[in-house]
Amino acid sequence: MIMKVHQVQEKKMNKTYYLISSLAPKSESLKPLIKKELNKKLVEVDDPTVADYLFINGGDGTFIKNAIKYDRAGLKIIGINGGSLGFYTTFNETNIDQIANNLDQLKYTQLDFIRLQIDDQIHHALNEFNINSTTAYGYDIFIDNEFYQKFRGTGLLISTTTGSTGINKSANGAILFPRIKAIQMVELYPLLHSSFTTIQSPIILPIDTKIRIEIKENYCDHDACPRIVADGAVIRQGLSSTTIEISATRSQADYVATTDLRSYIQRLQKTFIY
């Protein structure tokens, strides 16, 4: 039974949880099993903004979307693999029955997000920001206010350590292991010829680095102008004559730490090799 907020306040000793599940068949089949296990130790509430724990049952896409949406201090977020990819998940169908007993033993940490500011708007991403266009476009790139290069191509990808196994990997970026505190920038399809070239390599920057991207061209068809995609969702389109500022920031919520080398390597092997 889901308890209302006022009912929970009468039972302050009980830790509370809210469960989010994707609509994937695997996720739907796991949902009743997860609730049965969680109800052994926690009280379910109908409002995620008052829960002590947020459980996300699905793949990495479901996890990322809701981790950004519900990020707040005091919340612990735990992923359960009810989808396909599960780099952010701690439990799956083989060990759901161990969730309740392991809650107090789990190690938690804050995650690195990427903060992007354009005009007066601020956005956050857990995996990456993808600045791209359908045609080659010019960008002036600055690193900590030092001019880095003039880039012309279809876009730039800026990712976190945890996001390095996502689109970043598909774009030939490096996979960063969990204990590496960094952000990574990858060029997307640079335009190269005898009078114009770029570094053409991913760069891995210290976590406190600030990146500034200046788009100076103010002429293009709206559909061909650069757009900004945050973790797969388009947040701005038709960019011209503007400046984008990017830096890392810490999440407010706590997540299960994934610093164990062996388990991370096994996850890489299972996902990309075997």
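Note that Cβ sites are derived from N, Cα and C of the backbone, with glycine treated the same way.
Taking the Cβ of D60 (active site, proton acceptor) as reference, residues of its chain lying under 8 Å away and at least six apart in sequence are, in sequence order, G83, L85, G86, F87, Y88, T89, G166. Secondary structure from DSSP puts D60 (active site, proton acceptor) in a helix. Annotation source Swiss-Prot lists active site, proton acceptor at D60, citing sequence analysis.
Every protein chain considered, the tally of other Cβ atoms within 10 Å of the Cβ of K65 (NAD(+) binding site) stands at 18. The annotation NAD(+) binding site is assigned in Swiss-Prot to D60, G61, K65, N127, E128, R152.
Taking a C-beta cut-off of under 8 angstroms and a sequence separation of 6 or more, G61 (NAD(+) binding site) has the following same-chain neighbours: S22, G83, L85, G232. Summarising the environment of N127 (NAD(+) binding site), the number of other Cβ atoms within 10 Å of its Cβ, over all protein chains shown, is 26.
Applying an 8 A CB threshold to same-chain residues 6+ apart, the list for E128 (NAD(+) binding site) reads I114, L157, I158, S159, T160, G163, G166, I167, N168, A230, D231. The NAD(+) site in the record is lined by D60, G61, K65, N127, E128, R152, and its two most distant CA atoms lie 31 Å apart.
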